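In case it's useful when we look at the structure, here is the feature table from TrEMBL:
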- 12-315: domain 'Hcy-binding' (DOMAIN)
- Cys218, Cys300, Cys301: Zn(2+) binding site (BINDING)
Amino acid sequence: MSNQAKKDEKPKGILERLNAGEIIVGDGGFVFALEKRGYVKAGPWTPEATVENPEAVRQLHREFLRAGADVMQTFTFYASDDKLQNRGNMDPKKMTGYNVNNEACLIAREVANEGGALVAGGVSQTPTYLSGKGKEFTQKEFQKQMHVFMENKVDFLIAEYFEHVEEAEWATEVCKATGLPVATTLCIGPDGDLHGVSTGECAVRLVKAGADIVGINCHFDPDITLAAVRKMKTALDAAGLKAHLMTQPLAYHTPDVNKQGFIDLPEFPFALEPRVCTRWEIQAYAREAYNLGVRFIGGCCGFEPYHIRAVCEELAPERGFLPPGSEKHAPWGDGLRLHTKPWVRARARQTYWKNLKPSSGRPFSASLSKPDCWGVTAGDQELIQKTSNTTDDELKTLFSTKG
């Protein structure tokens, strides 16, 4: 169904579509894309842009919609009050969490209505949990966001980017209490969460907590993400539990990461560009995800609209249409037949792009990095959060630790 056709009819619900066997294409990464464009601050990675620069957020939504995304996820990543105000990031007297979340909902709905997409309200991990304040206080942070989502009548909820299944369970419970469909994704790999719970057991616990859709987002590349989801699927089948599967990986290659994922790479976050996946590699990811049984397929950090378009183009035979963003993009480089140079015209074929091993152009760069392995996670003193900014003395201590 084309975007125009979707616009002309009321979209079916997320579970109605998944239960019917439809493929849902998610959107891509917002915080990294908007940081590069100058609208998000690296470090806190919080979404004040919904209030400060709403047109930037609106435009990125539109680009993902044009690329074929079926879901406009509210730009509410790290939008809990405790995160927005963490380490002196945002003055609550000038802007509130309610403002940030509300504007995100309004923008997402506006763009979703332009193409018949669904709106998903999103929550993510909190400083409250990392500081060890317990279930009651952590769930209060999620509940404040739920209030805004329900006011704005979002279509379903996504609880994403959790390193600990315990916090993801708490988020799922709060989401489920709204009566809306719930998708919950962890930012873990095949080795389990940061408290040692296996990836398969994480999936089982999330479904038992009420998640209708489970999977993995962020921290790992498509290959590692799919390996983790394969473990989730195996565990759910063994437990006799039913849930739809979802993947929203990085668009960065991460074969050298440890359990913490790409945030431990020395290139994080300002020198990851050499690791970006090509559109052809994302097509391969989409096909492998589909073959695995994943039906909610999107992306996270590093995923630009052209990556989402690649997902849609790979799965066009199953979906029955191409997105508007493919109007200027011939399959497998076929548009290169119009190029003036004959050696470039010779690249207008699938075998060329499918078999290419891209070079980095960096003769002194290693192909792999040595990730940091500090082993700090929820419950450690170093993760106790505060509202005041990190001091120079505190940074000096960290510098001496890192060496």
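Keep in mind that glycine also has a Cβ here, set from the backbone N, Cα and C atoms.
Bear in mind that TrEMBL entries carry predicted annotations, made automatically and left uncurated.
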Taking the recorded Zn(2+) site as Cys218, Cys300, Cys301, identify the other residues of that chain whose CB atom sits within 8 Å of the mean position of the site's CB atoms, giving them in sequence order.
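Surrounding the site, in chain order, are Gly29, Phe32, Tyr161, Cys187, Asn217, His219, Gln248, Pro249, Leu250, Gly299, Gly302, Phe303.
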List the same-chain residues at least 6 positions away in sequence whose Cβ sits under 8 Å from the Cβ of Cys301 (Zn(2+) binding site), in sequence order, or say none.
Gly29, Val31, Phe32, Cys218, Leu250, Ala251, Tyr252, Phe262
So what sits near Cys300 (Zn(2+) binding site) in its own chain, CB-to-CB under 8 Å and at least six residues off in sequence?
Gly28, Gly29, Asn217, Cys218, Gln248, Pro249, Leu250, Ala251
Find the average pLDDT over the domain 'Hcy-binding' (12-315) in the predicted model and report it.
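Result for the domain 'Hcy-binding' (12-315): average pLDDT 96.
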